Structures are given as structure tokens and as C-alpha cells.
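*Asks:* What follows is a structure written as C-alpha cells; I'll ask about it next.
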Amino acid sequence: MIEPFGNQYIVARPVYSTNAFEEEHKKRDRHHKTFLDHLKVCCSCSTQKAKRIVLSLFPIASWLPAYRFKEWLLSDIVSGISTGMVSVLQGLAFALLVTVPPGYGLYAAFFPAIIYLFFGTSKHISVGPFPILSVMVGVAVTRMVPDTGITTPESSNNSSELSDSILNDRKVVVAATVSLFAGIIQLALGILRIGFVVIYLSESLISGFTTAAAVHVLVSQLKFILQLQVPSHTDPFSIFKVLESVFTQIEKTNIADLVTALIILLIVFIVKEINQHFKDKLPVPIPIEFIMTVIATGVSYGFDFQTRFNVSVVGNMEAGFMPPVTPDVGIIQDTIGDCFGIAIVAFAVSFSVASVYSLKHDYPLDGNQELIALGLGNIVSGAFRGFAGSTALSRSAVQESTGGKTQIAGLISAIIVLIVIVAIGFLLEPLQKSVLAALALGNLKGMLMQFAEIGRLWRKDKYDCVIWIMTFIFTIVLGLGLGLAASVAFQLLTIVFRTQFPKCSTLANIGRSNIYKNKKDYLDMYEPEGVKIFRCPSPIYFANIHFFRQKLIDAVGFNPLRILRKRNKALRKIRKLQKQGLLQVTPKGFICTVYAIKDSDEELDNNQIEVLDQPINTTDLPFQIDWNDLPLNIEVPKISLHSLILDFSAVSFLDVSSMRGLKSILKEFIRIKVDVYIVGTDDDFIEKLIRCEFFDDEVKNSIFFLTIHDAVLHILMKKDYSTSKFNSSQEKDGKMDFTINTNGGLRNREYQVPVETRF
């Protein structure tokens with residue numbers, strides 16, 4: 001019964017152990033589904049289920065019939081045109097990161113957008129090339145097709161062009177194969193419904209990884225901005241080797257490329273800041289990448305930069321689509337790690353961006369279907385000589401901010417890319433590669449600004465801050481593939497560390513109520529005499545059971561096993577003295593007639609130490625032993641603790657290894673006459689203990705109580721603090737009803753408890 005009284009409440013109910021609660025409140029019979037039950041549901045078929053499957057596999061079938069042409073079409077067209085221009089330029093720029101000719105980036109911008117229109121569940125993301133993924137694909141390409149960057153003056157121009165063409169074709173095949181197999185991994189993960197794998201990439205890890213990847217992108221583009229011949233490196237510490245190669249050739253820098261890139265970077269940064277600050281006032285963001293590309297292409301063509309300044313340009317842009325490429329199966333076994341990393345990172349980035357817009361516009365998102373959509377997009381893109389893609393935050397922001405309502409905007413953007421591929425791509429042939437590199441760097445500002453996360457994370461959670469820093473270091477030093485794997489391993493290690501060394505605490509009553517808090521945190525604390533309340537805030541398993549034991553020993557102030565052994569040794573001495581008639585028992589205590597006892601049996605005790613670990617048996621003695629009042633010549637550590645409460649409300653599971661350790665700890669306390677109570681566990685916890693035959697004659701299932709306060713009240717009654725004041729009818733009934741007042745009082749509903757026993 002709960003009685004409200006102003007800002008206080010009065011609770012009147014019996015003191016419940018878990019057994020008493022289950023006796024009074026019968027549990028409902030529940031059928032827990034087995035694997036076969038789930039399999040039957042999976043294999044069953046009905047019209048509604050078939051329709052639901054079709055709609056889930058083809059989300060376009062659910063939203064296209066409800067499309068509002070009059071309200072949305074114009075917004076989607078405007079958004080699609082703006083996004084399409086950005087997609088064209090980013091496709092060209094990010095192709096440099098893959099180390100393939102820029103024209104192939106258009107394929108990577110076209111095919112995934114078309115596939116996502118039919119299979120994707122997000123209405124606002126723009127699918128296509130992403131700089132981090134492009135670098136990851138480029139790492140695999142560079143490792144499989146090394147480019148030393150060394151040219152021989154003696155070779156003719158024709159043979160040089162022929163070798164470059166063969167090298168580029170090989171790079172395209174590797175990039176396509178890696179992207180296709182990454183798409184297969186994504187598709188398999190989606191079909192198997194295990195999209196949850198992305199949860200192992202925390203926000204801190206993703207932030208640190210993308211920041212480090214942005215640094216890799218920055219370093220990789222230096223050779224295009226400075227137009228230097230830099231050998232490729234893919235092994236650990238490769239970023240430092242690239243920097244060394246750049247600085248050793250710095251005197252060979254092409255000044256025209258450098259100046260052009262710096263001007264483009266400066267203007268792009270300024271205009272992007274204007275777009276950001278005035279996004280509420282501008283109808284659409286200023287398409288600065290498109291504007292600068294048109295100007296740079298015109299200037300390069302008009303002043304013939306390629307001939308006059310020997311700049312590197314995009315070059316031949318073949319109109320139309322290339323025939324599909326046959327994947328090289330031999331590449332897969334050497335790039336399986338890269339493929340898996342690309343698949344996971346692509347999904348993690350895409351899903352995180354899509355989640356932002358799904359929450360903003362309030363529509364559902366299916367992670368497994370997103371995996372299927374991205375996987376099919378990468379498979380088709382890889383088959384047609386493209387490379388792996390995901391979504392870029394800047395491109396998706398353009399699509400959403402310019403009024404995009406559905407993926408019709410994505411279709412329009414794909415049409416813009418298609419027009420460039422089949423009709424006007426040749427216009428971009430004079431465009432300098434340094435301009436594309438500058439545009440790629442211009443999209444890294446948001447990622448590089450994530451360095452500010454370090455200070456914020458340090459203030460909020462130091463573990464997350466360490467994860468960010470270590471992820472950044474691993475990715476910079478080891479590279480993207482190994483760095484991601486090492487970062488995930490380190491993140492999981494921090495979780496193990498936090499559970500292996502939990503912050504255990506000793507609780508006490510606060511405010512003379514039913515509230516128990518860490519006794520170190522508050523001033524007005526009450527701890528019942530002889531009672532210790534110990535809280536463990538993490539699961540207990542094989543890795544932390546020894547830590548749990550040590551923390552418990554530190555909390556109670558003694559080692560129960562040591563006390564048990566001391567008492568068994570003392571019991572041997574008492575038996576020996578009693579048999580020899582050297583020990584007499586009086587109402588005032590023991591009288592020993594000998595002052596010195598030879599420990600002739602010490603060697604036996606040390607050799608058979610397990611004998612001392614057994615329960616203390618005094619049934620053969622004609623008297624009871626008070627272990628705090630022994631003969632002067634028999635020393636045993638005195639303890640005032642008579643009850644120990646273990647708060648397991650935060651213990652989510654207990655494995656078999658720790659179960660044995662916990663049972664051993666409980667037995668040690670029980671054998672020295674310390675009652676142990678466990679509180680706050682759920683029913684599944686106790687059921688598991690029963691299945692594992694945890695209970696026996698010493699450790700019984702009656703030690704479980706619902707709450708800490710239930711256990712404390714039970715101890716007070718059991719130790720005769722208040723039960724002596726109750727009448728015989730209450731004692732026979734066995735249920736004590738209490739009223740707990742928040743202003744400090746514990747009283748029986750019919751009898752007032754004396755002041756000295758109140759909380």
C-alpha cells in the first residue's frame with residue numbers, strides 16, 4: 001500500500017525475501033521461444049508476410065505511390081541538380097584518392113545512386129564516392145599495383161603512354177574487384193540480418209578514425225597539388241614515408257599547380273563558411289565547387305596551362321560507359337581484410353548520416369536493408385569499373401538543405417552525372433588535377449575540425465577520449481585497414497577493463513529512510529552495527545572474480561578464509577586442552593591452567609591446509625565457543641561483522657567460472673558465522689544459479705531479498721533489535737509490516753519501535 005502525503009510517501013508492506021515474495025505473488029507461466037519456434041515463424045508463409053517482405057526489399061514500392069508530385073517534385077528537381085553538380089566534381093576528385101583516372105569516379109557517382117533509389121530506406125542521403133572509402137580502396141590498389149613513380153628519360157613517349165595505360169587498367173580492375181567483393185560482404189550481412197555489427201564502432205572511434213583518414217587524404221593529395229613523383233607506400237608508417245618523399249623533392253614543385261590549388265582552397269573555404277553562416281537566408285547553398293571548376297577549366301584551356309606550365313590535367317574523358325569488367329578472383333585473397341573494412345566503414349558512415357536525417361524528419365530506417373542497398377550499389381559499381389561508395393556528409397547536406405524530399409532528388413543527381421558521362425565529359429579534359437585535389441581537401445574541413453572533440457570528450461568521459469586518441473594514432477601509424485582493426489580491439493579492451501576493474505563501493509543508509517548510497521559521498525549516513533552493504537556495479541565473470549573478492553575483503557576489513565583457518569586452529573587447541581583437563585568453563589568464560597601451549601601440530605596444519613578450510617564443528621564440545629572471548633593464550637582475530645549484504649542490482653550476468661568463485665566466497669563468510677544476503681537480482685539470475693546447482697546445505701536460496709532495505713530490516717529483526725517488542729501473534733504470522741517515512745522513521749504499523757532502533 002502506498003499513501004501519498006504532500007511531497008512524501010508512506011509505504012506499508014511486508015519485508016520480502018525472494019522466496020516469500022514468490023509465495024505470496026504467483027508468477028505467470030511464460031513460454032520462452034526456442035530456436036525451432038523462431039525457425040517456424042521464419043519459414044511460415046502468408047499473403048501479408050509476402051507483401052511485407054516485398055515492401056521491405058523494395059522500399060520504393062511503399063513511398064512512390066504516395067509521392068506528392070505537386071508539392072515535392074520541384075523541390076526534388078532543384079535539389080537533384082545541385083547535388084548532381086557536387087557529385088560530378090566529387091567523383092572526379094575522389095578518383096584521385098583511388099589512384100585511378102578521374103573519369104572512373106563518375107561511374108562510382110552514378111550506379112550507387114540508381115540502385116539506392118530502389119533499395120534504400122533513407123530519403124535524404126546522397127550515395128556515391130566518399131573520401132575515406134576512396135583512400136581505403138586506394139590503399140588496396142597501391143599495394144596490389146605498386147607505382148614507383150620513377151620515369152626513365154630514355155623511354156619514348158609512346159611506350160610511356162602505353163605502360164601508363166596498362167597500369168591504369170590494372171588499377172581499375174583491382175579497385176573494381178575490391179569494391180565488388182566489399183559489396184558482396186555488405187549484401188551477405190544484410191541478408192543474414194546482422195547489421196548490428198556496426199554497433200561495435202562507437203561515435204568516438206568513428207570520429208577518431210575519420211579524422212585520421214582525413215589526414216591520410218591530405219597527405220595523399222600533396223603529390224597532385226605539388227605535382228611530384230611520389231612512390232606509393234601501403235605498409236605501416238606509410239604516411240611518414242610519403243611525407244619524407246614529398247619533402248625531399250619539394251624543390252621540384254610545380255608552382256602553377258601549387259598556386260592554383262591554394263587559390264581554389266582559399267575561395268572554397270570562404271564560400272563554405274558563407275554557406276554555413278547564412279544557410280537560413282540562402283535559398284540554396286552557393287555551388288562553389290561547380291563555379292570554381294568551370295572557371296579553372298576555362299582558364300586552363302584558354303591559357304594552355306598544360307603546354308605553358310607543364311601542369312597535370314584530367315586528360316582524355318571517353319564518352320559513354322565502358323564495358324563491364326571481369327573481377328580478378330586472385331586479388332580477393334590478398335585484399336579480404338581491406339574489403340571487410342571497406343564494407344563496415346561504408347555502412348557505419350552511411351547509417352550514421354542517414355540516422356541524423358531520419359530523426360530530423362521522423363521516418364523509420366532499416367539498418368539491414370541499408371546494408372543490402374549499399375551492397376548492391378557497390379556490386380554494380382564495381383562491375384562497371386567504379387569503386388566503393390557510401391555517402392558524404394557535405395553532399396547529403398546539399399541534397400537535404402536544397403529541399404530534397406525523397407530519393408527522386410537522387411535520381412535527378414544521377415541524371416546530371418549521366419549527362420556528363422555521355423555528353424559533356426570532354427569539357428573537363430583541360431581541368432588540372434591540382435584543382436580536383438583542392439576540391440577534395442575542401443570537403444575535409446568538417447573531419448579535420450573533429451580535433452575539437454578531444455577536449456569535449458575529456459571533460460565528459462575520459463575512456464571515450466582515450467579511444468579517440470588511440471584510434472587516431474593507430475590509424476595514422478598502421479594505416480586505415482590495420483588501424484581500424486586495432487582501434488576496434490582497443491575499444492573492446494576498454495570495455496573489458498571497465499568491467500574487470502569495476503568501482504565497487506560500500507553503501508549506507510541516508511536520511512534515515514529506505515535509500516542507500518555510497519558512504520563516502522554523504523555526511524548524514526547510518527550503517528547498522530555489524531552490517532556491511534557491498535555493491536558491485538558490473539557483471540561478474542572469470543576476468544574480475546578475483547578483483548571482486550579482493551574488493552570485498554577490503555570493504556569488510558578482513559579475509560574470511562584466514563579467519564576460518566585461525567578458528568579451526570584454535571578449535572584444535574581448545575579440544576586438546578579440554579581432553580587434557582587443562583581448560584575449564586565458568587559462567588564468566590574460559591579458565592586455562594597452563595600458560596604455554598606447544599604448537600606441535602603446526603606442521604600438520606601446513607601440510608593439510610585443506611582441513612582448516614572446512615566448516616567449524618563444535619558439536620562434540622560440551623560448551624559453546626564465543627570467538628571474541630577465548631583464553632588469553634589462544635589468539636584469533638576478532639570480528640564485529642555478523643551480516644553482509646551484496647547489492648547485485650547492477651550485475652547483469654554471472655558465468656560458470658565466476659559462479660564457483662562466488663560460491664567459495666559465500667561459504668567462507670557463512671563458515672565464520674557471517675550471514676550473507678544478495679539483493680536486487682532478477683529472476684533469470686536466480687534461475688541460472690538453480691540450473692547450475694549453485695545451492696547446497698550451506699548456500700541456500702533463502703539468502704535472496706528484493707531490496708537492500710528488505711535485507712536490512714530482516715537482519716534487524718533476526719538480531720532481536722525490534723522483534724522483542726512484537727506480540728506473539730506477529731511472531732507466528734512471520735510477516736512484519738513496516739511504515740517507512742521519508743522524514744526518518746521505521747515503525748511497525750501497530751507498534752511504535754523504540755527510538756534507539758529507528759533509522
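Placement of Cβ uses the backbone N, Cα and C atoms for every residue, glycine included.
Quick paste from TrEMBL:
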- 521-715: domain 'STAS' (DOMAIN)
- 77-98: transmembrane segment (TRANSMEM)
- 104-120: transmembrane segment (TRANSMEM)
- 127-145: transmembrane segment (TRANSMEM)
- 172-192: transmembrane segment (TRANSMEM)
- 204-226: transmembrane segment (TRANSMEM)
- 255-272: transmembrane segment (TRANSMEM)
- 284-303: transmembrane segment (TRANSMEM)
- 340-359: transmembrane segment (TRANSMEM)
- 371-388: transmembrane segment (TRANSMEM)
- 408-428: transmembrane segment (TRANSMEM)
- 466-493: transmembrane segment (TRANSMEM)
*Asks:* Under 8 Å, at least three CB pairs between the transmembrane segment (466-493) and the transmembrane segment (104-120) (pairs 6 or more apart)?
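*Replies:* No; fewer than 3 Cβ pairs under 8 Å.
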*Asks:* Please determine whether the transmembrane segment (77-98) and the transmembrane segment (340-359) are in contact (criterion: at least three Cβ-Cβ distances under 8 Å, sequence separation 6 or more).
*Replies:* no
*Asks:* Give residue numbers and ranges for long-range contacts of the transmembrane segment (172-192): same chain, 6 or more residues beyond its ends, CB-CB under 8 A.
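*Replies:* Beyond its ends, the transmembrane segment (172-192) has Cβ neighbours at 98, 100-101, 104, 108, 137-138, 140-141, 144-145, 325, 327-329, 331-332, 335-336, 338-340, 342-343, 346-347, 368-372, 374-388.
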*Asks:* Take the transmembrane segment (127-145) and find every residue of the same chain, 6 or more past its ends, with a Cβ under 8 Å from one of its Cβ atoms.
*Replies:* 87, 90-91, 94-95, 97-100, 105, 108-109, 112-113, 115-116, 120, 167, 170-171, 174-175, 178-179, 209-210, 213-214, 216-217, 220, 232-234, 331, 334-335, 338-339, 341-342, 345-346, 349-350, 373-374, 377, 387-392, 395, 410, 440, 443-444, 479-481
*Asks:* So which residues does the transmembrane segment (104-120) touch in its own chain, when a touch means Cβ under 8 Å and the partner is 6 or more beyond its ends?
*Replies:* 57-60, 87-88, 90-95, 98, 126-129, 172, 175, 179, 321-322, 369-370, 372-374, 376-378, 380-381, 384-389, 407-408, 410-411, 413-414, 417-418, 420-421, 425
*Asks:* Which of 340-359, 371-388, 408-428 has the most Cβ pairs closer than 8 Å to the transmembrane segment (204-226)?
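*Replies:* The stretch with the most close Cβ contacts to the transmembrane segment (204-226) is 340-359.
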*Asks:* Averaged over the domain 'STAS' (521-715), what pLDDT does the prediction give?
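*Replies:* Average per-residue pLDDT within the domain 'STAS' (521-715): 85.
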